[in-house]
Amino acid sequence: MSFYQMMQLGPAVLKPKIKESEDSKEKRKYIAALILKSVLCLIFCISFVSIFSAIFGEDNSIVGVVSVILLLTFRFSNLDFNVKETVFAILGIYAIYAICPYLASISNPYLALMINFISILILIIISCHNIQLSNQSTIVLSYLLLYGYKVNSKEVYINRIFALILGGLIVASIFYFKQRKKKFENRFLDILKDIDIRDPRTRWQIKISIIISTGILIGELLHLERTMWIGFACMSIMQPQKDKVIGRMIERPIFSILGCVVFTVIYFAIPKESVAVIGMLGGIMVGFSATYRWQVVFNTFGALSAAVTIFGLSNAILLRIIANILGALYIWFITNGYGLIKNIFEKFLVIDPNDTL
């Protein structure tokens, strides 16, 4: 395996290879590949976002973030159907990004619920035919980021549309260049034909769309800032595999709190004007993280680095912890609450257990 090929591997693959390698020279190559990959990736991401920010304004740097996330995703991932049709699907995803998050952000909470639910469901149906690819973790994440970073003027929104057009063209072009030779059995119409409420995949797609959009609604009704963080937590926890849901339900709030603690220690150890460095450090460390819990810890760095300049340290940390605990509790209620409530009714109200609520 060449050094370049090593650099294409993720930490979940490289770390076991480092541990298992008995050849010291090979072990050093794996370590160097992991370090160089993480550093170069961070430099590329910062440069990419900075260019978008310079062209379209600081308020639209989030479009650069979204586009670089999807660019890195679609270098290797796919939508499980024809390559040329996927190119148009990616452009369609960006069209949703250009319209729906903005409409939801200026609507009342209940209309926003409907816009978010329909948009997220469409995105998940398009992108999650092969649920093993976990495309929702980037495609829905991007939608939530655009919803959370609101547009404050007509000029900013027009620039955002142009930024999304450019981002969509870049991502679609890179996808086609990298994957043009791959053959897929499915066409886009096959993805639509496979929608079946009796199928576990379709039921999961509907369930996660409901949970994310209603989780955001709860945050809006509670007048919480950064309601997108609740959406992130719900999306991250609500996996197709039940065992992952249970594990992440516990790990998400615990390791978010740990991330807040570590962030606070670093925050007071460095000059206040260097707080952005903590976000960069988090980005590097995510590149080294092979497990979910440590990804949660280091993703907290990036989230707080941006939020602390707006809300202050204590409020940003409080919002982060509340959002993740609320998201985890909401998932717990959705997955366990119905059965618990039914048992209480049966026990105290002597309901026939054969009846359904």
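Glycine is treated like the rest: Cβ placed from N, Cα and C.
Per TrEMBL, the feature transmembrane segment maps to 34-56 (among others).
Per TrEMBL, transmembrane segment is recorded for 86-104 (among others). Same-chain residues lying 6+ beyond the ends of the transmembrane segment (86-104) with a Cβ under 8 Å from its Cβ atoms: 66, 70, 74, 78-79, 111-112, 115-116, 118-119, 122-123, 126-127, 139, 142-143, 146-147, 151, 157, 160-161, 164-165, 167-169, 171-172, 175-176, 179, 188.
Summarising the annotation, TrEMBL assigns transmembrane segment to 110-126 (among others). Sequence-distant contacts of the transmembrane segment (110-126), counting only residues of its own chain at least 6 positions beyond either end whose CB sits under 8 Å from a CB of the stretch, comprise 79, 89, 92-93, 96, 100-101, 103-104, 136, 139-140, 143, 147, 191-192, 195, 205-206, 208-210, 212-214, 216-217, 220.
If you look up TrEMBL, you'll see 157-177 (among others) marked as transmembrane segment.
The feature domain 'Integral membrane bound transporter' is assigned by TrEMBL to 216-334.
Tertiary neighbourhood of the transmembrane segment (254-270): same-chain residues 277-278, 281, 293-294, 296-301, 304, 308, 313, 317, 320-321, 324, selected by CB-CB distance under 8 Å and a gap of 6+ residues from either end. Taken from TrEMBL, the feature transmembrane segment covers 254-270 (among others).
Nonlocal intrachain contacts for the transmembrane segment (276-294), taken as residues 6+ away from its ends with a CB within less than 8 angstroms of a stretch CB, comprise 10-12, 15, 34, 37-39, 41-42, 45-46, 247-248, 251, 254-255, 263, 266-267, 270, 300-302, 304-306. Annotation comment: TrEMBL describes 276-294 (among others) as transmembrane segment.
The transmembrane segment annotation in TrEMBL covers 306-333 (among others).
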